[in-house]
Amino acid sequence: MTTPTPLRSVTVNTPPPYTIAIGPGLLHDPPRLAATIRGRHALILSDSEVAPRYAAQLHETLLRARPDLHLNVFTLPAGETSKSLENFGAAIAQLATLGATRDACLFALGGGVIGDLTGFTAACWMRGIDYVQVPTTLLAMVDSSVGGKTAVDIPQGKNMVGAFHPPRAVIADTDTLATLPLRELRAGLSEVIKYGAIRDPVFFHWLQTTREALLARDPAALAQAIARSCEHKADIVGRDPLEKGERVLLNLGHTFGHAIETTQGYSTPGSNNLNHGEAVAVGMVLAARLSNTLGLAPAEDTETLKNLLDAYGLPTVLPSGLKPETLLERMRLDKKNIAGRLRLVLWRGIGHAEAVPDVDEAAVRQILAN
């Protein structure tokens, strides 16, 4: 007899605090979902991959608990290209048509793209309304749904237009991971590995020994990976909600990764372009190699990180055809830079990272070229 996976809960102590609920069956929990709604209007935002599977269930559960609710569903095409100013405007128009007031609530049903767009829409409508993250990808469960960063992309860069706006709650129904494509599961595991790499050697070792169970979607292993990742992010975000200090460490691999994404073009369903988790995996290896070159991290730890990412089926080398100078141009636009100088999150070995200002571009160029 299979032991049921217990519900896990993680509190994020930002102003205001909120709770991350992690476990199976949460899309079928009317009291939990209804408790997040203060007013009479709600809008579910989802995408063309997720909505056919889960939007009707969320819609039904909400109306079962709140029959008086004015509730619509807005579905966007799947993929990073939907995280645009155009679709932000379309979501705002949906709220206007709904007649949403300041006590309305948005539900982000999907991955990081939907979560970011929904959060930014909530931050802007009437100067800020509630939204609930209902992540359906592993990457969104462990990273983008937690912390209150919201944004859309522009052609010049990823997440360039955004706001800090914490969700009212995060409700992560782990049953949705059963339908997640393997490539997307691996992308989420890239962000899970990041937490071990930057601050938890014990978790890093656990990921080395639990690979088969995680890739096989063992419910207990996945719940543990999600909960531990969320605990790490909640701990950091609770102390640094606006990324003025240590929260920047969560960006290990992201400066390189965002440059890869914007240079190659954003990944869409069926595309061979690297998705976010894959680009971060490559970025972590590049950051580790640069750290080794600068004398910050031991070479054997860099090799250990690369081997772990390889073992999970993640890419660890730059895609062919990306020019170092083009990538550097994108990196110069990164939000973490100071006074026009590169500021990168680099590595001190397994379990340790630091933000390094004024990184030598020649050293970065050499890493990108090799």
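Residue positions begin at 1 at the first shown residue.
Glycine too: its Cβ is placed from the backbone N, Cα and C atoms.
Straight from Swiss-Prot, the features:
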type	residues	note
BINDING	Gly112, Val113, Ile114, Gly115, Asp116, Thr136, Thr137, Lys149, Lys158, Thr176, Leu177, Ala178, Thr179	NAD(+) binding site
BINDING	Glu191, His254, His276	Zn(2+) binding site
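Spatially, by CA atoms, the binding-site residues Glu191, His254, His276 include one closest to Gly112 (NAD(+) binding site), and that is His276. Those residues noted as binding NAD(+) (Gly112, Val113, Ile114, Gly115, Asp116, Thr136, Thr137, Lys149, Lys158, Thr176, Leu177, Ala178, Thr179) have their most widely separated CA atoms at a distance of 29 Å. Of the binding-site residues Thr137, Thr179, Thr137 has the largest number of other Cβ atoms within 10 Å of its own Cβ. Reported as a whole number, the C-alpha separation between Thr137 (NAD(+) binding site) and Glu191 (Zn(2+) binding site) equals 12 Å. For His254 (Zn(2+) binding site) paired with Lys158 (NAD(+) binding site), the C-alpha to C-alpha distance reads 11 Å. Under 8 Å, Cβ to Cβ, and six or more positions away along its own chain, Ile114 (NAD(+) binding site) finds Leu45, Ser46, Asp47, Val50, Leu76, Ser82, Ala108.
Annotation note: Ile114 (NAD(+) binding site) sits in a helical segment as assigned by DSSP.
In the three-state DSSP scheme, Thr137 (NAD(+) binding site) is classed as coil.
Annotated pair His276 (Zn(2+) binding site) and Lys158 (NAD(+) binding site), C-alpha to C-alpha distance, rounded: 11 Å. Highlighted in sequence order, Leu139, Asp143, Ser190, Lys194, Gly253, Gly257, Gly277, Ala279, Val280, Gly283 have their Cβ within 8 Å of the centre of the Cβ atoms of Glu191, His254, His276, the residues recorded for Zn(2+), and are not part of that set. All protein chains shown were included, and the count of other CB atoms within 10 Å of the CB of Lys158 (NAD(+) binding site) stands at 24. Between the CA atoms of Glu191 (Zn(2+) binding site) and Asp116 (NAD(+) binding site) there is a gap of 16 Å, rounded to the nearest whole number.
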